[in-house]
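Peer 1: What follows is a single structure, and I will ask about it in a moment.
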There are 2 protein chains.
Amino acid sequence: MTARSSTDPARVIPEATVARLPVYLRALTALADTGIRTCSSEDLATAAGVNSAKLRKDLSYLGSYGTRGVGYDVDYLRYQIAREIGVTQDWPVVIVGIGNLGHALANYSGFRSRGFRVVALLDADPSLSGEIVAGVAVRPFDELEAIVHDHDVAIGVIATPASAAQDVADRMVAIGITSILNFAPSVLSVPEGVDVRKVDLSIELQILAYHEQRKANGAEAAAPVAPVADGGAA
Amino acid sequence: MTARSSTDPARVIPEATVARLPVYLRALTALADTGIRTCSSEDLATAAGVNSAKLRKDLSYLGSYGTRGVGYDVDYLRYQIAREIGVTQDWPVVIVGIGNLGHALANYSGFRSRGFRVVALLDADPSLSGEIVAGVAVRPFDELEAIVHDHDVAIGVIATPASAAQDVADRMVAIGITSILNFAPSVLSVPEGVDVRKVDLSIELQILAYHEQRKANGAEAAAPVAPVADGGAA
DNA sequence: ACCGATTTGTTCTCACGTTCACAAACTCTT
DNA sequence: AAGAGTTTGTGAACGTGAGAACAAATCGGT
Ligand SMILES: NC(=O)c1ccc[n+]([C@@H]2O[C@H](COP(=O)([O-])OP(=O)(O)OC[C@H]3O[C@@H](n4cnc5c(N)ncnc54)[C@H](O)[C@@H]3O)[C@@H](O)[C@H]2O)c1
Ligand SMILES: NC(=O)c1ccc[n+]([C@@H]2O[C@H](COP(=O)([O-])OP(=O)(O)OC[C@H]3O[C@@H](n4cnc5c(N)ncnc54)[C@H](O)[C@@H]3O)[C@@H](O)[C@H]2O)c1
């Protein structure tokens, strides 16, 4: 057993594993909610929609938290994963751009219950200032710096149009935000040490469309031909 | 040059490449909008935020659409990628679950400009029926079958609570939908031949939190300890 | 206290994805 | 028309990830 201690800072968890840990956490929570106290890697893998060997390997990066012949204690493993991810306490988050999507995000209760707390909603449009969304007031974008410093915010969410996204990101980085979740369809450029993840609905749909077309072309030859569709920075 | 014809059905494009083609398409559209007619792999790679060798290899799976010593014709390449993805014509899409998120999605104009047309909004809540969102009326969930058949819909979007997601997916599959974009935080089980992609805000934030914690622990030892946060099927 | 059943943790192998590096192919200038 | 300069397309090396398989460890029954 190489099993590094979970407090060993040299231990490195593969990125693919990191991306699955939240899925396991959610699956464990679902199991716990149905009263299940113990589960095998097979059970958990099924609930999480992955292969059980992959699950066991993923968990082995965290340490040795199971019992051979028995399985995993649901609550214990849940706590270990939550600690590993860093959601045993809440992370303060700011959302910038309170339009269609920003409103939905602000109203999303799953935020709070999964380790995040929306401390501020910011928008450049003065006519939105003062509006209360889900108990939080919309404030002018200028106040970003004060808010970030007051609440020690490390994570920012961008829900502005693509044209404003880079500017907003630059401001966030200048102020000290080091993790950004970007919903705008634009490539952000940020300095070393700042993490950016993007959520892009159109890309997801286009990936589905590609496979859909392939399924269709299994029978028929090729798709009809027409003008190129891509609305740019819409 | 192995360069299979783009109509060769045996040609297979790696999944990782498929996921990047929409990014290239978007970058090309942005370049075209600024009046650029030709670009090198270096230019396009920068605009798309990837390595130029990776870009060239990705494009080589589609065929040989560049000119050595010159680069790529922006409009021509854009068309070829759009054709490959299958967005030279619009795909009809239905959205199920017109709550916070469903409203935002329905109002999202980027849908239409990137190859998708929302043909129906469906919700189980009768009090929503008849409401017009972005020019489309919300209809009862029962009408799914008729709509899917009338418009030959292959792609469905799920924006219901997690507790309803599997049921909705089952209904979609039964009716003939073969691609699903799922915004609910739940693992969907679907038969062979049906593609599911998920968009999960909480997972993205938790991945950011993991890295954020690691950055912080570079200086300090370990994070404080508190109750586990994960609100289940919220 | 032992034995068979069970399930984890890990090793090994293969597949996939990324990046480097360069020959081939093209343009432009003289 | 030839040579210098560019840039593509791709072979090869490398790294990461997935999954099969199994030894080690634990449990329950006798
Ligand atoms: N609505 C969706 O479902 C959806 C889906 C996928 C992606 N997106 C993307 O998310 C982003 C937001 O979409 P939306 O539909 O909410 O747009 P929206 O136009 O409704 O809202 C954008 C908001 O950002 C604010 N804003 C603009 N510039 C700003 C700046 N510099 N600083 C601060 N705030 C600024 C605007 O005042 C507005 O309130 C867009 O980039 C869009 O492409 C939206
Ligand atoms: N709001 C967000 O920003 C956000 C972000 C990430 C994920 N999500 C997820 O997206 C989903 C929707 O979120 P929301 O905030 O819009 O929730 P919501 O409660 O506002 O809306 C859900 C809608 O689904 C409808 N619905 C319920 N059961 C249905 C059924 N069986 N068939 C058809 N319609 C049904 C409800 O009537 C309601 O209108 C949730 O699973 C949520 O976890 C939301």
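Just so you know, glycine gets a Cβ as well, placed from its N, Cα and C.
Not my notes, these are from TrEMBL:
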- B:23-62: DNA-binding region (DNA_BIND)
- B:GLY97, B:ILE98, B:GLY99, B:ASN100, B:LEU101, B:GLY102: NAD(+) binding site (BINDING)
- B:86-187: domain 'CoA-binding' (DOMAIN)
Peer 1: Mean pLDDT for the domain 'CoA-binding' (B:86-187), as a whole number?
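Peer 2: Averaged over the domain 'CoA-binding' (B:86-187), per-residue pLDDT gives 97.
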Peer 1: Going by Cβ pairs closer than 8 Å, show me which of the binding-site residues B:ILE98, B:ASN100, B:LEU101 neighbour chain A.
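Peer 2: In terms of proximity to chain A, the binding-site residues that count are B:ASN100, B:LEU101, given in sequence order.
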Peer 1: List every residue in the same chain as B:ILE98 (NAD(+) binding site), at least 6 positions away in sequence, whose Cβ is under 8 Å from its Cβ.
Peer 2: B:ALA106, B:LEU121, B:LEU122, B:ASP123, B:LEU128, B:GLU131, B:VAL133, B:VAL138, B:ALA159
Peer 1: For the domain 'CoA-binding' (B:86-187), give the DSSP counts of helix residues, strand residues and coil residues.
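Peer 2: Secondary-structure breakdown of the domain 'CoA-binding' (B:86-187): 39 helix, 29 strand, 34 coil.
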Peer 1: Quick check on the binding-site residues B:GLY99, B:GLY102: which one has the highest count of other Cβ atoms within 10 Å of its Cβ?
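Peer 2: The residue with the densest Cβ neighbourhood is B:GLY102.
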Peer 1: Taking the Cβ of B:LEU101 (NAD(+) binding site) as reference, which residues of that chain separated by at least 6 in sequence fall under 8 Å from it?
Peer 2: B:ALA159, B:PHE183
Peer 1: Using DSSP, what's the helix, strand and coil tally for the DNA-binding region (B:23-62)?
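Peer 2: So the DNA-binding region (B:23-62) is made up of 28 helix, 2 strand, 10 coil.
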Peer 1: Give me the long-range Cβ neighbours of B:ASN100 (NAD(+) binding site): same chain, 6+ apart, Cβ under 8 Å, in sequence order.
Peer 2: none
Peer 1: If I restrict to non-local contacts, at least six residues apart, and a C-beta distance under 8 angstroms, what lies near B:GLY97 (NAD(+) binding site) in its own chain?
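Peer 2: Set apart from B:GLY97 (NAD(+) binding site) by at least 6 residues yet with Cβ under 8 Å, we have B:LEU122, B:ASP123, B:ILE158, B:ALA159, B:THR160, B:PRO161, B:ALA164, B:VAL168, B:ALA184.
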